[in-house]
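Record features, source Swiss-Prot:
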- ASP35: active site, proton acceptor (ACT_SITE)
- ASP11, ILE12, ASN25, GLY33, VAL34, ASP35, SER122, THR123, GLY124, ILE125, TYR126: substrate binding site (BINDING)
- 1-175: domain 'Macro' (DOMAIN)
Amino acid sequence: MSGRINVVQGDITLIDVDVIVNAANPSLMGGGGVDGAIHRAAGPALLAACRQVRQQQGECQPGHAVITEAGDLAAKAVVHTVGPVWRGGQDNEPQLLADAYRNSLQLVAANGYNSVAFPAISTGIYGYPKAAAAQIAFETVSDYLTRHPQPKQVYFVCYDEENFLLYQRLLGQYDEQPGA
């Protein structure tokens, strides 16, 4: 698994990958934070694609994911996943967050893409504690990659320094594990 997981700091809309994961809200219609940034960078085609998905499937529930075209982004597709709102950890939040990562990876693999970039899902307005969210992200992604050949590369793209340092530390721990 070493070499398949990467941690970078920056703007997820500028990362050179096949698929960008959007930490979406259930409506899929854009919002604040990374969701708004992705929608602004992708232009009206992304909103139209999300509107079509919503008309066909309704809102996207926490832990679920859908895939659309990428609009004006350099990526080939966008996976929209809804993470849980943090309510103290007693409302199935850890499982829902893991599901958001796992279901996103399954969509990337099922569509034959080789690389994907994830933001720190649920750690903005949804209030998930950053360290706990990073641990779940790493555990879920690394477990998935040990069982599946696709995607070949996963990037955790951290907008802020706090998340970047958390993810860098976890990457170091995972790289040190036997068999990693």
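Note that Cβ sites are derived from N, Cα and C of the backbone, with glycine treated the same way.
Positions of the features from Swiss-Prot, shown on the structure.
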| residue | record | CB count, 10 Å |
| --- | --- | --- |
| ASP11 | substrate binding site | 13 |
| ASN25 | substrate binding site | 21 |
| VAL34 | substrate binding site | 24 |
| ASP35 | active site, proton acceptor | 22 |
| SER122 | substrate binding site | 27 |
| GLY124 | substrate binding site | 20 |
| TYR126 | substrate binding site | 20 |
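Taking CA atoms as the reference points, ASP35 (active site, proton acceptor) and TYR126 (substrate binding site) are 12 Å apart.
Among ASP11, ILE12, ASN25, GLY33, VAL34, ASP35, SER122, THR123, GLY124, ILE125, TYR126, the residues given in the record as binding substrate, the maximal Cα to Cα distance rounds to 19 Å.
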